[in-house]
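Listed in Swiss-Prot for this protein:
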MOD_RES   SER25  pyruvic acid (Ser)
ACT_SITE  SER25  active site, schiff-base intermediate with substrate
BINDING   THR57, GLY73, ALA74, ALA75  substrate binding site
ACT_SITE  TYR58  active site, proton donor
Amino acid sequence: MIRTMLQGKLHRVKVTQADLHYEGSCAIDQDFMDAAGILEYEAIDIYNVDNGQRFSTYAIAGERGSRIISVNGAAARLACVGDKLIICSYVQMSDEQARSHNPKVAYFSGDNELQRQAKAIPVQVA
């Protein structure tokens, strides 16, 4: 059996640009991509915390240290500057591999400052 698992997650990054006329993609500060193990041109899913929109695109490297999160092309209609996003990448692996897999999760402050990194998401309490 093959399972699709969370590979990397950027939690609550803020959109710094939205460029409708760029050819598509989401530009992400290279430091952020490294923190979550996201590669350039990798497929990503984006969840907009502010408006509930969910969409897929691909990552492109933004300038390292710039804190850029630029939603480009048609997806720019789904996110505005200042919106909070969760950006995820996924990986497929065997059931056996999945049972010991840990994602790379990066948590951010309101100004796109990396606050902490983790290899698990805390258990949600009732």
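Keep in mind that glycine also has a Cβ here, set from the backbone N, Cα and C atoms.
Keep in mind it's a predicted model, so treat the numbers as computed, not measured.
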ALA75 (substrate binding site), number of other Cβ atoms within 10 Å: 21
From recorded positions SER25, GLY73, ALA74, ALA75, the one whose Cα lies nearest the residue listed as 'active site, proton donor': SER25
Largest CA-to-CA spread of substrate binders THR57, GLY73, ALA74, ALA75, angstrom: 10
Cβ neighbour count (within 10 Å, all chains shown) around ALA74 (substrate binding site): 11
Any further residue of that chain within 8 Å (Cβ to the Cβ centroid of THR57, GLY73, ALA74, ALA75) of the recorded substrate site: GLY24, SER25, CYS26, PHE55, VAL71, ASN72, ALA76, LEU78
